[in-house]
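Peer 1: Sharing a structure, written as structure tokens. Questions coming.
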Amino acid sequence: MLSNRYIGLFNKQFLIVKICLYLVLFNLPIQPISCQSNQGYFTQYSKGTPTKELIWCTINSAEQNKCRDWAEAIKRYPNSVPVGQYKSFEFNLKCEQASDKEHCMNLIENGRAHLVTLDPGEVFIAGRHHSLVPIIAERYGSTLEDYYYSVAVVRRSSSTHIKDIQDLKGKKACFPGVNQMAGWALPLARLINDGVLEVKDCNNIVKTAAKFFNQSCTPNALNDKNNPSGDNPESICALCHSKCSGSDEYANFEGAFKCLLDVGDIAFLKHSTVQLMSLRNQYSFRKNDLELLCPQGGRRSLDSYSDCNWGRSPAHAVVVFSSMLPEERKKVQEFLMQSIRVFNMARDYTYGQGYNSEKNSASSFALADYLAPQKYGDRANLLFSDDLNGFEPLSGPDQTFRNYLKKENYDLLSKELKKCPVPSARLCVVSAVEMKKCHQMVTTFRGAFLQPVLNCVVERSAIGCMEAIRRGRADLVMLDAADVYRAGHQYGLVPILTEKYDLTDPSYYVVAVAKKTDRESDLFFLKGKSSCHTGVGTAAGWVVPLGFLLSNNRMRSYGCDSLTAASQFFQKSCAPGALSPDYTTSDWGLNNLCDLCAGTSKYFCARDANEPFYGSTGALRCIVEGGGNVAFVKHTAILENTAGRNPALWSRNLIPSDFELLCRDGTRASYNESVKCNIGKVPGNAMVTSPLKPHQYITAYVNLFLTAQQYYGSKYSHDYTFKMFVSEDGYHDLIFSDATSQLIALPQDQRSYSTYLSQEFINSMKLTDCTSHSNRFNPSKLSIIALLYAVILAIFRQNHL
């Protein structure tokens, strides 16, 4: 079925097209209006005369100036040639400047631009993550080649210390940019396949390259997508001229070449780059001072690129958004073909030919002219490659990034650069609906080629997941802060990632919430009231509030048996998990702790998403629908579920001011005053694993989720896009909390429960959880028991001989 996004888009466009047709058919005498067709293509109608507009995305001021010259040349063109000799352009051109190619992809995806030229490696990113498709490809030279070679250029004077690819370790490298095919993907894949480059990060080839080379210039190496964990070594950009962005002076092929001349030991380039720079006399160098480093060993002259190269790259391509209709793609292809015929001033530097004979001399603009750099500030390859000599429209089947790249290049980008020494990451979940989301996450991650491969394991509870990790049946689980304590204290597990919400640090406030209309409830007089809890043994709904009540003598203590204490204190409750053997050690009748719960069958009062009143959202729902007087929840719960943010029936008509917070001093406060009116502050939920895992494995687990959130961490992306921090309708906090804004890697000094959790929280755990006073049996204790058993058995046998 079509998503709501496309249905809405179709309805809107149908109405606009209908209005436009009326204006044309009836020639209505009104002012010109704009009618928008598919994905933002504008047609202006004034007395039936159409002028359509395309928006080209540029990445710097030089490209913007050239694009504007192109746009002006298009407008002048019909008046600069004899009438009837050539047909006018069907489109006018508009130019939109972005910060880099990634920004251009976002603009096109969101309808604010329509076209941009991309390197094949960028075509892969654009198709994989932005739904862009190639429609026309560049062609080079007099024979209109559809490829070019990747070469490694070095100084002749470095021959004594750079003889082979093994000698590249610790050298200063110049790359045109991350994700570029010839200047990045092909050479790094070759180094990995030859065993020269050791993979350091399964999802961050930048970090792998940084650990191998010395200081480098690698434009875009520090942006969010290429630096998901935020710790890429600064050495990867140390040679760059400015901010290591796509507009750096050392960016792209001509920039990487200048980097080599100025500061580098090696530059990975297009085979034609040095020849073009030589013809332009832009930089002071002698071609005889440079050589090619061959991946198979040795060096060759610059003109030996067909035998001494690192691979063959497809040509650059112009991309559009995938929703553009086939007939519109055809018209854009015709527009570009007409542009190259009319504005082509390219020369074949290889064969010594002059200007293109079909070029119209009436126009001074050239779509590609490598001999005239001064006009745009000595910048090369603006909008298109400077050695462009033609276009090749792509047929329908080739208008996908996968078919355009062909299998060899597709596999290189999706597999060879994604090699990972860690076999898999097994995530443990606790319910069928969490398992469903986990499977969706598996499919999504695999589609994005994220490594290591994610797999799902289901257990009966969080305790079951801890046991599974300890026994090697699972690797990871997301836990509440109280469960992080149990995981560390009883199972020896460690936190590695934490959720961040709307505070500056990765934590949240625990608040007691009551209806504004319930004026009789406050923290001093809760005995005999009805309470709603996120779950037995959870931080927000149990440990912190009961710890507060017990430590302030508001609740009678039964030692560490907080379930009995709560059962005797509250009249009725919903405390999911109160009947679970994993969390219940009391012999007392605890049924009243589940009296308000709404789960059915085996899911009644369950400590998972199958119980409607589980979690912070569920506890808030409990005081709305279940008759509770007070709910102990995260401070984010009210805003998450009011003012239309939760479309469920129970919350649809709620507004934040329907609720108030109960403060420590017995007063009340507004829903948004949790900073001053709370009963504790708790670290966010955390992902835990076994510390016995190799460091490389733990690092891979962290980077897997940090990388994934760069693509799937937004709550406001397209309807059809997987969202890590959004739960299926009717459920909440599946795997990750719905309030999560991002995941943060914990530093090494916080990767234990005792340093991750505050001492105040640990004290509350000891007040409310009997298992917190002693560890479970460890292997040494089991050995002692086995020895005692053997001694007793021996004595017994001796006495009965």
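The backbone N, Cα and C atoms fix where each Cβ goes, glycine too.
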Peer 1: Given that TrEMBL assigns ALA182, GLY183, ALA540, GLY541 to the hydrogencarbonate site, pick the one from THR160, THR534 that the record assigns to that site as well.
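Peer 2: It is THR534, as the record lists it for that site.
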Peer 1: In TrEMBL, CYS456 is listed as disulfide-bonded to which of the following: CYS438, CYS465?
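Peer 2: Going by TrEMBL, CYS456 is disulfide-bonded to CYS438.
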Peer 1: According to TrEMBL, which residue among CYS67, CYS95, CYS259 is joined to CYS174 by a disulfide bond?
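Peer 2: Within the candidate set CYS67, CYS95, CYS259, TrEMBL assigns the bond with CYS174 to CYS259.
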Peer 1: So, in TrEMBL, which cysteine from CYS294, CYS308, CYS770 is disulfide-paired with CYS560?
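Peer 2: Answer per the record: CYS770.
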Peer 1: Quick one: TrEMBL says CYS622 makes a disulfide with which of CYS428, CYS465, CYS532?
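Peer 2: Out of the candidates CYS428, CYS465, CYS532, the one TrEMBL links to CYS622 is CYS532.
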Peer 1: Under TrEMBL's annotation, the disulfide partner of CYS67 is which of CYS57, CYS95?
Peer 2: CYS95
Peer 1: Rounded to a whole angstrom, what is the C-alpha distance between TYR148 (Fe(3+) binding site) and CYS594 (disulfide bond)?
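Peer 2: Their Cα atoms are separated by 70 Å.
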Peer 1: Around CYS770 (disulfide bond), how many other C-beta atoms are within 10 angstroms of its C-beta?
Peer 2: 15
Peer 1: Under a criterion of Cβ-Cβ distance under 8 Å and sequence separation of at least 6, what residues of the same chain contact CYS597 (disulfide bond)?
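Peer 2: Same-chain residues close to CYS597 (disulfide bond) (Cβ under 8 Å, separated by 6 or more) are CYS574, PRO576, PHE604, CYS605, GLU611, PHE613, GLY626.
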Peer 1: Compare all C-alpha positions of ALA182, GLY183, THR534, ALA540, GLY541, the record's hydrogencarbonate binders, and send over the largest distance in angstrom.
Peer 2: 55
Peer 1: From the Cα of GLY183 (hydrogencarbonate binding site) across to the Cα of CYS174 (disulfide bond), what is the distance in angstrom?
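Peer 2: Pair distance, Cα basis, whole Å: 9 Å.
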Peer 1: What mean pLDDT score does the domain 'Transferrin-like' (54-418) have in the model?
Peer 2: 90
Peer 1: Of ALA182, CYS532, ALA540, which recorded positions are close to TYR508 (Fe(3+) binding site), meaning a Cα within 10 Å of its Cα?
Peer 2: ALA540
Peer 1: Could you check which of the recorded positions (ASP480, CYS532, CYS663) sits closest to CYS240 (disulfide bond), going Cα to Cα?
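Peer 2: Spatially nearest to CYS240 (disulfide bond) by Cα position is ASP480.
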Peer 1: So if I measure Cβ to Cβ from CYS237 (disulfide bond) and keep only same-chain residues at least 6 apart in sequence, which ones fall under 8 Å?
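Peer 2: For CYS237 (disulfide bond), the qualifying residues are SER216, CYS217, THR218, PRO219, ALA221, LEU222, CYS244.
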Peer 1: Could you tell me the C-alpha distance between GLY541 (hydrogencarbonate binding site) and CYS532 (disulfide bond) in angstrom, no decimals?
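Peer 2: Answer for this pair: 8 Å between alpha carbons.
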